[in-house]
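Here is the structure we will look at.
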Ligand SMILES: CSC[C@@H](O)[C@@H](O)C(=O)COP(=O)(O)O
């Protein structure tokens, strides 16, 4: 039975826009406040974007890519251009690029695991360099960076929809799908990666229900995935992370779908902490484990997952009121070995982890 989805109820997550005076600003959903309230923040300050990334107000690998490029564009349109203009014409472009360097470095370092953040920054910086090299003034470079971020937003949705269509082919009718964290519209400009597959498969009437892991410690599953799926009209059941094993043992899960923050060349997958455990459980119970990600999340410069930097976050996320004598370890991500991943779904194709490197080298060539 085909299901009527209500994707129109999902707001766009992150968008560069111009205010009434033509100044660039970034509008984003403050995801810390969901599901209690849907609040859009707006800022023209690149440092505020970096702070929003660090605080998880903006999160999810593809959304971080856009945030990274947007921070560069905002700097270029405000402080970058103003300082270069104040300095005068001679060498303004070189001065602009020199000043851009620490801005780019600070933005790219805001979160280390999701490779899209640095990818987005690199894409913006490369464009700025090309423009200055071809004689563009800083103000012109800033306008072009604005347009580039808008292109990234559009591309991101198109990529997610392609992932959705490809991934839906893996989903059997009547499927009960387990997901971890939020790899949905909220982690992207729009539509989502793992949840993009859910939306595409649900539109074909194949999804009976999605089980959302709560995803301790920050609760992206409980606060974000459950909110997003219910708004979109997909039946959703929230479970605590430690219930997944029992659910699988009871025969309640037909497939696992998760997103990724970085995928190494050998197909090892870094994603939200707890993903590895879900993959072990899925293999034990003979349930297929699928990863959905854009090719921008695949880092062919790393041969294996051990090389992926894992972000450690504030212990207060785990233990809000410290207990004397108790230490806390709070890694935000873990690495699922390629051997536990059945298929990786990208916009360019669906691959076994072992095929990834060769397949992507040939599609990129
Ligand atoms: C489409 S988002 C994919 C991943 O980035 C997602 O699964 C994830 O792990 C997000 O972690 P977060 O710490 O919330 O940024």
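A Cβ is built for glycine as well, from the same backbone N, Cα and C atoms used for every other residue.
Within 111, 166, 321, the residue that TrEMBL lists together with 59, 60, 61, 220, 271, 272 for binding substrate is 111. Across the structure, residue 261 (active site, proton donor) and residue 60 (substrate binding site) are spaced 8 Å apart at their Cα atoms. Under a cutoff of 8 A between CB atoms, and with a sequence separation of 6+ in the same chain, the neighbours of residue 271 (substrate binding site) are 180, 181, 183, 258, 259, 260, 261, 291, 333, 334, 336. Checking the binding-site residues 60, 111, 271 for a CB within less than 6 Å of any atom of ligand 1 leaves 60, 271, listed in sequence order. For the substrate site, whose binding residues are given in the record as 59, 60, 61, 111, 220, 271, 272, the maximum C-alpha distance rounds to 17 Å.
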